[in-house]
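Taken verbatim from Swiss-Prot:
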ZN_FING   12-53  zinc finger
ZN_FING   82-123  zinc finger
BINDING   Cys87, His90, Cys109, His115  Zn(2+) binding site
COILED    212-253  coiled coil
DOMAIN    288-500  domain 'B30.2/SPRY'
Amino acid sequence: MEAEDIQEELTCPICLDYFQDPVSIECGHNFCRGCLHRNWAPGGGPFPCPECRHPSAPAALRPNWALARLTEKTQRRRLGPVPPGLCGRHWEPLRLFCEDDQRPVCLVCRESQEHQTHAMAPIDEAFESYRTGNFDIHVDEWKRRLIRLLLYHFKQEEKLLKSQRNLVAKMKKVMHLQDVEVKNATQWKDKIKSQRMRISTEFSKLHNFLVEEEDLFLQRLNKEEEETKKKLNENTLKLNQTIASLKKLILEVGEKSQAPTLELLQNPKEVLTRSEIQDVNYSLEAVKVKTVCQIPLMKEMLKRFQVAVNLAEDTAHPKLVFSQEGRYVKNTASASSWPVFSSAWNYFAGWRNPQKTAFVERFQHLPCVLGKNVFTSGKHYWEVESRDSLEVAVGVCREDVMGITDRSKMSPDVGIWAIYWSAAGYWPLIGFPGTPTQQEPALHRVGVYLDRGTGNVSFYSAVDGVHLHTFSCSSVSRLRPFFWLSPLASLVIPPVTDRK
């Protein structure tokens, strides 16, 4: 139900105001008790209902408590600050000015019994008459109040208009910002679309380039395979021909040796000469694979996962010494015969002995050291450099390998996955002795790439990105960097470069 309908239901038809002590008469209509008393006939007999004219006796009045409570609650809700320009009793616009009471009233007040006989004028006309100066200087106080009220009303109206103008200006500004934001969003979407297409196009080019490079390397490898097969077949054919010739000569010599003495003495030099000139000194070259696995952009891709590896000096063999910043390590095993001079030389050369920490297991038999890093997940890449071309080994290992006593046992079987390398080449650490693989140019810097997701550790030439070897170490949950140095060998861990 609308607020106006509720107010109408709670308004007395006689005084046109909220019910005061409402009562019901025989016909069912409700009125204020005071309004009925003021309209009763002097004799006290039955009186007609002001609404339907049905006669009712004064004794038939019944208090309407429900209507009284509803009226009280409604009036209570409407208490509080009355907005300017509204009637404090009925919350209706003040459109009239009561000349008898000298105050503005609403249309409901005009119809009430209180103002039925009063003279009314529109509030704008009343204000205009006073504004134009049609009043004496000795005006009464009620006129001053009226003027103040009307001036306040128009000031408030001016403030509302000013506020409205400000709000309109703000709305225009916000709408402009909204248009700019929509434009920015559209441009951003276009840029995202363009960038997505650019990325897709560039990676498609890169993919095509890699496919072409793959085909080129495979063609080179196939060509090398055919040439090597041809050479091997030629060598095999030549060896077979030599073997057949030797067999024939052996039979011929055997037959000559069984011939009579006179026949043997007739021409012995021919057979002897043929056996002497038979050349069996063939130089068979070792078969090598010359086509290397060099993937373009491999170095750049690996450096995305580069990590800083620090040496755990408390795990190092006593013969290993470290630089002051801890990135260089050297094996001083050859200087063990003069330890005093060796210690002094290490001091002046900037080297220091490994730090000793109580209750930490270290390598006692092999010149090894571990890295501080412990890898359990993710992808990691680091580089190791050897500047003296002596034999070294780098890779990863389990944490419980410090007790190994024999170099020949360093292999995946004991939890070490590494490669040896020196000026002679490189070979996977799967036991001694190993057959080195030549690397051109000479290998002096190796990259180690550990992928815990696939469980593989791969080795690359850090100079040109050529793949060297890959181990599987997926069965181990914790891995650490591993380093082994031959006598007088040294290793350097380069600092991490910027990853882009």
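Each Cβ is built from the backbone N, Cα and C atoms, and glycine gets one as well.
Over the coiled coil (212-253), the average per-residue pLDDT in this prediction is 78. Taking the centroid of the Cβ atoms of Cys87, His90, Cys109, His115 as the Zn(2+) site, the other same-chain residues with Cβ within 8 Å of it are Arg89, Glu92, Val105, Cys106, Leu107, Val108, Arg110, Ser112. Taking DSSP states H, G and I as helix and E and B as strand, the zinc finger (12-53) has 7 helix, 9 strand, 26 coil. In this view, Cys87 (Zn(2+) binding site) is surrounded by 17 other Cβ atoms within 10 Å of its Cβ, with every protein chain counted. With helix defined as DSSP H, G or I and strand as E or B, the zinc finger (82-123) counts 9 helix, 11 strand, 22 coil.
Neighbours of His90 (Zn(2+) binding site), defined as other CB atoms within 10 A of its CB across all chains, total 19.
There are 18 other CB atoms within 10 A of the CB of His115 (Zn(2+) binding site), with all protein chains counted. The Cβ of Cys109 (Zn(2+) binding site) has Cys87, Arg89, His90, Leu96, Cys98, His115 as same-chain neighbours under 8 Å, each 6 or more residues away in sequence.
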